[in-house]
Amino acid sequence: MELDDFDPEDKEILSWDINDMKLPQNVKKTDWFQEWPDSYVKHIYSSDDRSAQRHLSSWAMRNTNNHNSRILKKSCLGVVVCSRDCSTEEGRKIYLRPAICDKARQKQQRKSCPNCNGPLKLIPCRGHGGFPVTNFWRHDGRFIFFQSKGEHDHPRPETKLEAEARRAMKKVHMASASSSLRMKGRPEMKGLPGEIPSQGSLPLTWSFQEGVQLPSGYSTPLIANAPQQNSLNDCLSFPKSYDLGGTTELEDPTSTLDPTKLYERYKFSSSKVYSAEDQFQPPVPGVYGDYDEAQTWNKNAVLGRSPTDDTYYPPYPLPVASWPCDYLPSQSSLEHSPQQVPLEPPAAQPGHHPLWTNPGGEPYEEKVPVDFSSYVPSVTYHSPQQDPFLLAYGSHPQQQYALPGKSNRWDFDEEMACMGLDHFNNEMLLNLCSLK
């Protein structure tokens, strides 16, 4: 159908050119937006069309210089294909969208094919007389005029949405691959069978002879008790507190000293006390917070032996595994080592333990004010198995400790309860070892 057959208004609509000074404005019907415009075509879009406002096209177009500022000119870049002409699993060919920038496009050609890792190549567009196909855009009044010159001589590249989706999938694959490589490069550290655990993972326990150099005179009683103490340590480890009722947070300042210096200081202070004919009160071997609940372990019937039986006790007054003791500071300002309050030395009774009374003697008339239910020592010293304080008592194995005076004697029932609790704790530890 020729132009002469149309009305003058229709002829004006069909015969317009993008470079005309005046474009038709009596357009009654606008066109639908075309995503793949090809060949020599013209379209009139509404100014409200969002795609026309953005000058979109599925062809890879870039802006080119134009002497007319009212007209936007775009040229086709062609398509990037695989030099091996490979296909995906779905049977599609690899037609990538060329980059807009010249340097980015040159860099893109040096990359490998995303499907077969083959080299890529660019197929330029030569559909307009040996030149790229050109698109023209012009805004005039209520319409947007579009005109294409030339016919594309190459396959259609992937759209922008498809290119963005492909890049996103590539990033996801790269992230998963890098994470898997990191997992393989840093496997979990697992302990080998029979491997000794590190010291940081072991509980805090006191070894039997940890850093203490003992004189030859003290080796015999300690070595005799070493197997028993080691077996107790193997069965039950205490976190630096030997009170079964709970850990004690208070600690004596002298516990931070070097063991050798601590031993020498205590040896010196003990020698001064012995020279003044004052003797230490032996520590109570079982001071617990739950003393009221342990009254059932009192009396001789529970122990099953007489209080004057010396075969059960060691030749020195303190056992190796002693419990926390209350040490009061010395009244002399020149002495800084913890000492116990000395008592008046009465007449010595050979053949009897210093904690027990003379058989047939009078009962004790006064009691030492000691509250076992709320025992909070002013200065509490945690005595481990290798405590140098214990060694000072062993320095006088031949000396017999005298009975305490009547003015400061312990009540017989309280002493029996303390000794019964000590015996009960030893039996409980042995039972735990046998169960383990």
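The backbone N, Cα and C atoms fix where each Cβ goes, glycine too.
Among the candidates Cys101, Cys116, Cys125, the residue that Swiss-Prot names alongside Cys76, His152, His154 for the Zn(2+) 1 site is Cys125. In the three-state DSSP assignment, the secondary structure recorded for Cys76 (Zn(2+) 1 binding site) is strand.
Here the candidates are the binding-site residues Cys82, Cys86, Cys113, Cys116, and by Cα distance the one nearest Cys125 (Zn(2+) 1 binding site) turns out to be Cys82.
Taking the Cα atom of each, Cys76 (Zn(2+) 1 binding site) and Cys86 (Zn(2+) 2 binding site) are about 24 angstrom apart. If you draw a 10 Å sphere around the CB of His154 (Zn(2+) 1 binding site), it holds 20 other CB atoms from the protein chains shown.
Counting only residues at least six positions away in the same chain, the Cβ atoms of Asp38, Trp59, Cys76, Cys125, Gly127, Val133 sit under 8 Å from the Cβ of His152 (Zn(2+) 1 binding site).
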